[in-house]
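A short write-up of the structure that comes next.
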Amino acid sequence: MTKVKHPKLQNPIEKQFNNVSRYHYYLYFLIFSSKIPTFWHVLNLIFLSPPIDYYCNVTDDAANSTKNICPCDEPVWDKSVFSETMQTKFGLYCESLWLVSFAQSMMFVGLLIGSLVFGLLSDRYGRLSMFSMSCLITAVSGCLVSAMPTAAAFTFMRHIEGIGTGGAIITSYVLCIEYTGVRHREVITALFHLPLNISHMTLPGISYLLRHCDEFQLALSIPLLFYVGMRWMVLESPKWLMDSDRIDDTVIAMEKLASYAGLPIENIRNQIEEYSAHHSTKSRRRIKIWHIFRHKKLALNFLYMSIIYFLCGMGYYGVTQYISKMSGNIHINVAISGLLLVPGTIAAIFLLQILNRRTFLMTTIFLSSLFMIFNVCIPMYYKWMRVVIACICNCFFFMSFIIVFLFGVELFPTSVRNSVLGILSVLARLGQIVAPYINALSENASGIVFGVLALSGTLVCYLLPETKDTELPSSLDDMKALSRKKIHLEEDVEVNQNVTTSSIVQ
């Protein structure tokens, strides 16, 4: 007998999922690959309505003197880079140029609504069905965006596109984490964000090949139609099925998964029924989102996470816009900004396994604050140095986004997990909406605001409980048991392959 440290697992689903099977690789591949076209829709307005020049009263002698002037009756657009954009298609310039920013704002509002609505719906109707519906909405509305005849119709359809995109992001992440055991949760969380980096880097390539905004939009939307079929390609989350008191469906799903992994299935029903009966299924089934606010400790945890989500959303998207002010080729700039996030994502894979959740979150937010304040102190004529420091700051903000998503999932029980994550995502979107107004300040002033607010977020992180190496909570009692100190649990295990294999199920 050898003593090794392991989280003491009781949930039979968590026990079986603590080992990654072939089915997990299949599921992760589908979910991760779906993130690439999903996040294209978050960033696509960069190339649907890029900066584009126009000329008025063009003559051979004074073309430059008539560039981008207002008023202008018959603009001649510079189509040397893009053959058609939102501006050229709908004639948006001078007094109507505000519609470009409004269309992006309505997309963000759609993301906000989609995160909230599909978070609530998935807690009631299941993760998988709501994910498929979200992909369908995004794919159909995305295709229709290219056919809209007016700027108003374009903006409305972009709003619907945002609703589907927000829903797909939330539901896929929770589905992914609920299929992952404690042992691999950190790695999967970090890897889940790697397709976002790929999406960021590949979007400029699609735009480079398809310079017409309608063709570009169709190319982004059609691939998502494939993921609508995931409703029939994978199994619903067993964790959600069990905590929704659908025991028979849970048993069927777990037996299938065990057979895929070559594990015995004889005792699965007894284990699930025994665990479900012992852990107060009735109370789990009746919990609603507002029940959290009846308990001071839980309400405070929700408040702390709300502040942190808002600051992470504002910081990451705000600093991304801050960096986008660089001059040069738009395709290269966007690709580089995405590439610079990859080191942070890879580092998170290892740091999540070493550091506690709260320690990691505090560190990344503090360093993002530190580098942004340092950036402000650098003289303006050191342009490239300021850009590099801002990119490092943004990388730490992105890393904080990785950990805060996992933290939010681990803090709240199954029956309200997607609902809470939807609300928290709404607050992140509000931070995203606020960011452009901060960037409207002078460069140094906006940097100071981002830095100081991030510093305040570091203090809020300290107040959160620690969730590393704990099972996903199923009830309010599980949430109350969380402590700000890391809990070390030891479990006796025999270093024997046969015993280890059988203990996954037993």
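Using the three backbone atoms N, Cα and C, a Cβ is placed for every residue, glycine included.
The annotation domain 'Major facilitator superfamily (MFS) profile' is assigned in TrEMBL to 30-469. Residues or ranges marked as transmembrane segment by TrEMBL: 25-43, 97-121, 133-156, 162-180, 298-318, 330-352, 359-381, 387-408, 420-439, 445-464.
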>> Tell me if the transmembrane segment (133-156) touches the transmembrane segment (298-318). I count contact as 3 or more CB pairs below 8 A, with pairs 6 or more residues apart.
In response: no
>> Take the C-beta pairs under 8 A between the transmembrane segment (387-408) and each of 25-43, 162-180, 330-352, 420-439. Which stretch has the highest count?
In response: 330-352
> Honestly, do the transmembrane segment (133-156) and the transmembrane segment (359-381) touch, with at least three Cβ pairs under 8 Å and pairs 6 or more apart in sequence?
Replying inline: no
